[in-house]
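The following features are taken from TrEMBL:
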| type | residues | note |
| --- | --- | --- |
| REGION | A:1-35 | region 'Disordered' |
| DOMAIN | A:148-209 | domain 'Spo11/DNA topoisomerase VI subunit A N-terminal' |
| ACT_SITE | A:Tyr177 | active site, nucleophile |
| ACT_SITE | A:Tyr177 | active site, O-(5'-phospho-DNA)-tyrosine intermediate |
| DOMAIN | A:213-249 | domain 'Type II DNA topoisomerase VI subunit A all-beta' |
| DOMAIN | A:258-428 | domain 'Topoisomerase 6 subunit A/Spo11 TOPRIM' |
| BINDING | A:Glu263, A:Asp315 | Mg(2+) binding site |
2 protein chains.
Amino acid sequence: MSEKKRRRADPVAPGPSSRQPKPRAGPSSASALPFKNRLKPDATIVSALRQLYAAEQSSMSAARPLTLTDLGLSSTCREVADCDPSAVRLAIEDAILAAAHSVLEGRGFSFSVPSRSSSNQIYVPELDRIVLRDKSSTRGFSNLSTVRKTTITVRLLALIHQLCIKNIHVTKRDLFYTDVKLFQDQGQSDAVLDDISCMLGCTRSSLNVVASEKGVVVGRLVFTEGGDRIDCTKMGVGGKAIPPNIDHVGNMESDALFILLVEKDAAYMRLAEDRFYNRFPCIIVTAKGQPDVATRLFLKKMKTELKLPVLALVDSDPYGLKILSVYMCGSKNMSYDSSNLTTPDIKWLGIRPSDLDKYKIPEQCRLPMTEQDVKTGKDLLEEDFVKKNEGWVRELELMIKTKQKAEIQALSSFGFQYLTEVYLPLKLQEEDWI
Amino acid sequence: MSEKKRRRADPVAPGPSSRQPKPRAGPSSASALPFKNRLKPDATIVSALRQLYAAEQSSMSAARPLTLTDLGLSSTCREVADCDPSAVRLAIEDAILAAAHSVLEGRGFSFSVPSRSSSNQIYVPELDRIVLRDKSSTRGFSNLSTVRKTTITVRLLALIHQLCIKNIHVTKRDLFYTDVKLFQDQGQSDAVLDDISCMLGCTRSSLNVVASEKGVVVGRLVFTEGGDRIDCTKMGVGGKAIPPNIDHVGNMESDALFILLVEKDAAYMRLAEDRFYNRFPCIIVTAKGQPDVATRLFLKKMKTELKLPVLALVDSDPYGLKILSVYMCGSKNMSYDSSNLTTPDIKWLGIRPSDLDKYKIPEQCRLPMTEQDVKTGKDLLEEDFVKKNEGWVRELELMIKTKQKAEIQALSSFGFQYLTEVYLPLKLQEEDWI
């Protein structure tokens, strides 16, 4: 990209008062950065964030979140809840007792297992998430097509029972390895584990089965983990690994004004190294790509306990939006657990398709969308949780029309710190989230 | 697995004094665990570890590590060194100046780039690692076959120069995104980045280009990271994310007796949740699979500064051994940087092929090796760094003969905490590392 192009700083739909460049203290001498002269002093930006924060605090304090019962759906939809280990044990003992009774009554050994297929899922607009309906099927030992799954179910129930007695946590992989010859491949034990979570009405983390940790967090957050006090402003540039077992986490405290949810590791690194959270009080969190359960639970817990607005920084492509939708509405695979795993009302800060022109992202840093990308984009337009947000629909339509996508790192074409020094501050200043 | 099988506790080649079960304090009531009665009191085990620790401290204090110069290889082999940002800048300016001189002298714009192909690599037994020989080739702008690579080289040199002036760190992905149309795919910019590291004689982390962080550490370690003091005994159960930029890390302190290097995330989690490091003073570290550069640098730094022995817990398969060899001898792809990335003298604690029978790992938890596994195993037997350790050769031969492999999690068949409560303590007690 030419120096000339880099120096261009065309105005982009600004408030009139922001047209004059104003002096501000900053670590960078890169005054040639496009749009940098549009930035107001940090204090002005922070006061805008304070309003966002106050709105979130009051709305979350006022409104108890809607439940299936409120909507009269508790008998036709099914959800799981966080349970303590003794409740899980009781639920397992009840299930086994029911199976024993079934044997004694001459009906053979069987369980009633909820269906997790997509035909048994429904999007509830009032809740803004996918939930599971109440269809279930009989999984019996005396039926050739279900005997294997029944055996796996019993084996896993016994193992989870043991976990709850000892109150220790293991991974899905550990479970698989307790009986490789029976489970054959991990996909089989994983699927039955989800069935069991549904069947018992307990979340998978209640079963003391956790996913590998993948996420990291840094910034204005203090919490306790297994009795240790963790101060995420003192976690260097790497940050704190988000623990796989959320029930070890408690006592969250923060003076942040918002949570910045980042799709990619590289952008997280840039923000952490530049200590962005010191300039704009926030908590920065990433799952490094596809959100894992531990990071989703952690985000949900932060949002719920601290009542903070969540702003998302993702790639401008259908996949970035899909990731956002997993955080917000849950994955279809775990729709039975959507109330515990989802964080509603995440605001899409960027990179949005309209940003590509607005911020003059050079042509060579945009990528053409593949046919598959376009198809995924069109499919997203059909999803209920996209439809309900006009701004999202417009952005998606623009993406599909231009057939262009861009990763967060495309901003690196203006310099590696353009993200933290210009793009994000300007976004926050203009309250440019939807 | 039947209860009966679980209760069997056959003696396994023990020292005579360890045959009598001894009372010891422990959190578990699982006295039926095989070999648990063989465990001596923790204090006895710790004193064995103290000897290992003392030996390491004295050997590492006495012997300055050998260098290429000591071996008279400095003129025929090539290595890179950690350089500070100003040294990297000077090296880049020298390279560009040389290219300009070449133009002025009528020989065209070109660089001399070291070859990184395997034919230019050599294993040096005295150093116990792979190093790069001194073959290089001319990369010229006026040659059709090298013009693209030359252009990429110049572009990257300019970007790295900028990074060193600002002293900020970016990922390979960030670099790629500064000029997608030129680099085309990240593989191309990554490969030239390795060339540049070689060409300038500076490590890739000196170039301020870092890999994604992947590793985590927990246990008896205190260090500073970007000015923050990190106490890894107070990092909950998730541990501390290893930072991508090792030059932010300093002032390591520890009262550990050893470093426990773990291949897998699941085993790490078990050790962290059980706070294994409180029972046996150690630092627990994992890269969650294939070692990344950040974790390798961190391990190297711990071993060098703290002079601690390193014990490794990996799967009993050729892949586990390969991972060990990457930590110890480096990867072929980055052999030019082997002196900075490798941690010599890692001891193979387990899971070793001989452990499968010794610890009565049930048949159903062992997996048959594929043909590819057997081939990889046989290839490893030909590697110099395996050949020089008789114990490793014997274990590998046994693996290939039995055609059986097992993951660390196979120990879960005796209970999820068998690893931390019996297997590892017994291994340490019997000083069973090779």
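All residue numbers here begin at 1 and follow the chain in the order shown.
Every residue, even glycine, has its Cβ placed from backbone N, Cα and C.
Values in this document were obtained by computation on a predicted structure and should not be read as measured data.
Neighbour counts were taken as the number of other C-beta atoms within 10 angstroms of each residue's C-beta; across the recorded positions A:Tyr177, A:Glu263, A:Asp315, the minimum falls on A:Asp315.
It is 32 Å from the Cα atom of the residue listed as 'active site, nucleophile' to that of A:Glu263 (Mg(2+) binding site). Confidence across the domain 'Type II DNA topoisomerase VI subunit A all-beta' (A:213-249), taken as the mean pLDDT and rounded to a whole number, stands at 90. For the domain 'Type II DNA topoisomerase VI subunit A all-beta' (A:213-249), the number of residues in each DSSP class (helix H, G, I; strand E, B; coil) is 3 helix, 15 strand, 19 coil. Under the DSSP three-state reduction, A:Asp315 (Mg(2+) binding site) is assigned to coil, being neither helix nor strand. The secondary structure of A:Glu263 (Mg(2+) binding site), as reduced to three states from DSSP, is coil rather than helix or strand.
Secondary structure of the domain 'Spo11/DNA topoisomerase VI subunit A N-terminal' (A:148-209) per DSSP (helix as H, G, I; strand as E, B; remaining residues coil): 44 helix, 4 strand, 14 coil.
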